Amino acid sequence: MRRDRRHPAGVRPRGSGLHRRPERRVRARAEPRELPAEHRHRRHRRAEALRDRLRRARPLVLLAGRHLGTRFRRYRERIEGRRTRPAVGLRRRADRARRGRSGASDRRLPCRAATIAGDEDHHLLGRLDAPHPRAPRPDGGHGGRIVTVSITVAVIAPSLLNTNGDAENAQVLARRARWGGAEAVVVPVEHPDDLPPDPDAIVIGSGSDADLEAARDLLLAIHDELRVAATRGVPILAVGTGLELLSWGIEHDDNTVTEGLGLVAGRAVANTARVSDDIVVASPRFGRLVGFENHARAYVGAEGSPLGRVAYGVGNGRDSSQEGVVMGEVIGTHLHGPLLAKNPAMADHLLASMFTRLGAGYVAGERAVEADKHAARARAAILERLGQTAD
């Protein structure tokens, strides 16, 4: 401090700028060494000041349980929710003295908040709106939790194609699905508009030749939907007339032909005599099948993919020793009964395929196990009467 002569009673600080030397003008395009002192290092001083401010700023995230920053904390709470339990503290060596500021013992590392789902949070639930969704797990992404499955079984023209009770195969599937803990509904399709948009299974029964044209017209009206379902792996069970209508066509005794949908290989041709008796089929896919055949036509052209080998009965006929046709999940057969009530193993196979498409696993319920015992006794009685074994 020094006394100002113009202000005897007061003082002014040194270098206040009252007698500051005017800055010298800088020549255009001057070299750094030619710059006056007050201009020579200004840029460097500005960079050093910025670096000092960054060094003094608090870090956004530190792993030692220190400041996390308001922005990061708000983002974490928006993703994981507010904490509902105290965080887990750090473990230290017993012989190591605590260092740092006062109150450091109360500091804790951040932890994930407890959620309604228990041990799982957004990242593990597989939700599409999760911050980091991951691929679904083999258990269907349900994490072992009980999830209700709802299935829809469409039965085509039950008023026309249920002569031998084959339309009731849809009821067998629905009943066993309910016994397994699922919700199931059977939708009768008497008109093209009645077909559900995405059925989980389709059942087509057998009828008489008097209703053949009407049933064929209905199937032709939903031909595209049936083909899409077959391509997607939807189980389709066609019995008797239903199988013949899904084939290339039906040849009658008067040399007329009823056009089929062409979903499966083969065609129905006139037979020398009607077949009406029990039938036993050894299927590599479903085991030994028992049913009742009642048809006046043979089936040819399906030798490459039959349902199984005939152990007793006629089957497709024409001395082929084969029965039915299988193409993917489309199954055609002459076995009446209804087929799935007598052969629950085939019903469970179809249900397992349906549940798999829905991302779940099928397990037969206790009531299904009891029903299987009755079916096993009925099958054993039929096989014993026919002189066949259960293997």
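Note: Cβ is positioned from N, Cα and C throughout, glycine not excepted.
TrEMBL annotations: computationally assigned, not manually curated.
Under the heading region 'Disordered', TrEMBL lists 1-46 (among others).
Residues annotated as compositional bias 'Basic residues' in TrEMBL: 17-27 (among others).
The compositional bias 'Basic and acidic residues' annotation in TrEMBL covers 28-38.
If you look up TrEMBL, you'll see 84-107 (among others) marked as region 'Disordered'.
Annotation source TrEMBL lists compositional bias 'Basic residues' at 90-101 (among others).
Look at TrEMBL and you will find 153-343 tagged as domain 'CobB/CobQ-like glutamine amidotransferase'. Here the domain 'CobB/CobQ-like glutamine amidotransferase' (153-343) returns a mean pLDDT of 95 for the predicted model.
In the three-state DSSP scheme, R274 (substrate binding site) is classed as strand. Feature annotation from TrEMBL assigns substrate binding site to R274.
In the three-state DSSP assignment, the secondary structure recorded for H336 (active site) is strand. For H336 (active site), the same-chain residues 6+ apart in sequence whose C-beta sits under 8 angstroms from its C-beta are N164, G165, D166, S206, V239, G240, G291, F292, E293, N294. The annotation active site is assigned in TrEMBL to H336.
Other Cβ atoms within 10 Å of the Cβ of R274 (substrate binding site), summed over all protein chains shown, number 10.
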